[in-house]
């Protein structure tokens, strides 16, 4: 998995960033394990082994949630988004529109594209800089 490795030299990163990276990689690994155990359980025809695999999957879910909570406690951005989107039954895109004041469906609409053929993301060139 590409995210296991640091993308910048470790000596340039704060301990906070390195610890967050460890937590994010751990979360990815736990979620991947959930998927693997579920697939194994689905494919398993022996009831006893099936039950063990489901038990193991549920343990991985617990580990993932513990890690996610650690991340939430240390990241105001994660905390804010989790408070917006989790533990509600309202439509997710409705929550997003309310939170950001914009609608994703409008942004994806073909009629909202600029008429000049641009993707609407602006120039990537820096002002005053020639190639």
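Keep in mind that glycine also has a Cβ here, set from the backbone N, Cα and C atoms.
According to Swiss-Prot, the Fe cation 2 binding site annotation covers 30, 60, 63, on the basis of similarity to another entry. Secondary structure at residue 60 (Fe cation 2 binding site), taken from DSSP and collapsed to helix, strand or coil, is helix.
Look at Swiss-Prot and you will find 30, 60, 63 tagged as Fe cation 1 binding site. Cβ neighbour count for residue 30 (Fe cation 2 binding site): 19 (other Cβ atoms within 10 Å of its Cβ, all protein chains included).
Here Swiss-Prot flags 102-115 as compositional bias 'Low complexity'.
Residues or ranges marked as region 'Disordered' by Swiss-Prot: 96-131.
Marked as region 'Targeting peptide' by Swiss-Prot: 98-131.
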Neighbouring C-beta atoms (10 Å sphere around the C-beta of residue 60 (Fe cation 2 binding site)): 19
With an 8 Å cut-off on Cβ distance to the 30, 60, 63 Cβ center, who else from the chain surrounds the Fe cation 1 site? 29, 31, 33, 34, 59, 61, 62, 64, 67
